[in-house]
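Enquirer: According to Swiss-Prot, the protein carries these features:
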type	residues	note
DISULFID	Cys13-Cys118	disulfide bond
MOD_RES	Thr114	phosphothreonine
MOTIF	84-100	motif 'Involved in PIP2 interaction'
Amino acid sequence: MSWQTYVDDHLMCDIEGHEGHRLTAAAIVGHDGSVWAQSATFPQFKPEEMNGIMTDFNEPGHLAPTGLHLGGTKYMVIQGEAGAVIRGKKGSGGITIKKTGQALVFGIYEEPVTPGQCNMVVEGLGDYLLEQGL
């Protein structure tokens, strides 16, 4: 299965039990910042933004004072799981990033999708990839 298939079929799909509700954007990005696959709507990000995200996974709390930036959008960092999940909020939407052994799984959402639904979709795929040794 291609990485694009994971994005299209497992991240940008209808949320279970909520037909028509789906993430706004999604991607799978290597730890080095290389894009493995992304939705057409995923923002163009700067290398320093990806570096900041990777630093926060290695040094939890790094992004808390400045916020998480992706594609020029600033998200307020909210509760996550140190070294495993970063969550951010901006207005009625937000972002979830799950770290696997080799990649970062990104999901960006806006209402009516809820933070919990985004977490479920992104972390579900991330956990699956971890189980596969990825």
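Placement of Cβ uses the backbone N, Cα and C atoms for every residue, glycine included.
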Enquirer: May I ask which residues of the same chain, at least 6 positions away in sequence, place their Cβ under 8 angstroms from the Cβ of Cys13 (disulfide bond)?
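Expert: Sequence-distant Cβ neighbours: Arg22, Val121.
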Enquirer: Can you check what DSSP calls Cys118 (disulfide bond), collapsed to helix, strand or coil?
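Expert: DSSP call for Cys118 (disulfide bond): helix.
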Enquirer: Sequence gap of 6 or more, Cβ distance under 8 Å: name the residues on the same chain that satisfy this around Cys118 (disulfide bond), in order along the sequence.
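Expert: Sequence-distant Cβ neighbours: Leu23, Gly94, Ile95, Thr96, Gly107, Ile108, Tyr109.
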Enquirer: Across the motif 'Involved in PIP2 interaction' (84-100), what are the DSSP residue counts per state (helix, strand, coil)?
Expert: 0 helix, 13 strand, 4 coil
